[in-house]
Structures are given as structure tokens and as C-alpha cells.
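What Swiss-Prot annotates here:
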BINDING   Gly110, Ile130, Gly131, Asp132, Tyr133, Val134, Leu135  S-adenosyl-L-methionine binding site
Amino acid sequence: MIVDILSLFPGYFKGPFDESILKRAQEKGLLTIRLTDIRDFADNRFHRVDDRPYGGGPGMVMMPQPVTMAIQHVKTPEAKVIYLSPQGRTLNAVKCRQLALEKHLILLCGHYEGIDQRVLDEEVDEEISIGDYVLTNGCLAAIVLLDAFSRFIPGVLGHPSAAAEDSFEGGLLDYPHYTRPEVFQGCSVPNVLLSGNHQEIAKWRHEQALKKTQEIRPDLLA
């Protein structure tokens, strides 16, 4: 998959994409991440990309010209353009699975008060929010989105069933996990996990996942 990220701060992404799972996914050719600076497409000598909003109000709005040019520069016929925005539909595991099937995604990061609506109307296919809160810019949201859906790309995770057993898969939160030592500060690993009985272990894990979901996220069971 190819992922183009358009923002005003491409250097923001260097660390997260150069470590751990996302780094290995790129090295294996499963994921290609390209960064584009929207300022490079400004048609003025000061590379200005924002201006005051019509109608008044606080803050600045990203102008349509540089954003549109940046999108069109990387866009292909099969590309899907996503704008990271608190006004978008809230991201969930189902959406992550859907995005993992795409061949080319363009992630548009907003800054200031947002982007001129004409760009969203003409160039953007979908707006996605990572939660009901506001960040200083869309870069963090793009990192979260990319990390979340990339886990569903075949081969990205070490074990093929790893993503299938995570929280929200099957409509439940994840079950508790334990590793060595068997006893730590007086707390022991549940006996069922030491039994070797895979049927009982699976039953216990489902019960624990259901219990945690009922306590913390009962809305998932509604």
C-alpha cells in the first residue's frame, strides 16, 4: 500500500515511522509512506498557505490553492483522499479493516482552524476523526490512523492472528495477558492459563473479555 501524507510539518512524522512495526513494514515492501509539504505548492513568494476566514472569527484557514495542488500532485486514479478532522466519522476497527484493503491512501492533515470547505467538497472522499476532542493539528491523527489500519495489512504483524484477537474484534475488549514470572509480588497467574487445556483457556479468555467489556464499555454490547 502507498500512503501519502500531506501536511505543513513533514518532519513531524520522522520518528514514528522509523521505528518498530511500521519501519519493518516499509522494509518488507508492504507499506510505502511518502511525506509532502503543502507549503511547496503555495503560489506566492512567501509560501503563505493560510488567511483570515470570511465572515470573521478567530484563527486562520488553510487556503484552497496550495492544498488542492498538493493533493493533485500525488493523486492517482485509485487513490482515496482522507481528511483528518474532528468533524469526521469516528475511527473504529471496522473502518481500519476497510482502509487496509486500499491500494493508495492520501491523508490530509489540517492545521489552524481547518481547510477551506471547497477543497473538502471537491477533493476529499472521507473525513475521519480519531475521537471527540481537538488536537493542535492533524499530524498526530494521521499517525494514529496509519498505525491502526496498517496492523490489518497481511504480513505487517508477526503473527497472522494477532490483530484478530485485539480489543474490538468480535465486539469485545481484549482479555488479560500474563507472562513470566508465574508469581510476581505475591500475585499469581490464573491457574487455567497454566493448565494446557486450550478449550478451557479459550473459554476463560472469552469470559474475561466479556466481563471487561461490561464493566468498561457496555455500549459495545448494546
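Every residue number used here counts from 1 along the chain in the order it is shown.
Yeah, the Cβs are placed from backbone N, Cα and C, and that goes for glycine too.
Cβ neighbour density within 10 Å is lowest for Val134 among the binding-site residues Ile130, Val134, Leu135. By the criterion of other Cβ atoms within 10 Å of the residue's own Cβ, the least surrounded of the binding-site residues Gly110, Gly131 is Gly131. According to DSSP, Gly131 (S-adenosyl-L-methionine binding site) is assigned to coil rather than to any helix or strand. In sequence order, Pro86 are the residues of the chain that are 6 or more apart from Tyr133 (S-adenosyl-L-methionine binding site) and have a CB within less than 8 Å of its CB. Largest Cα-to-Cα span within the S-adenosyl-L-methionine-binding set Gly110, Ile130, Gly131, Asp132, Tyr133, Val134, Leu135: 16 Å.
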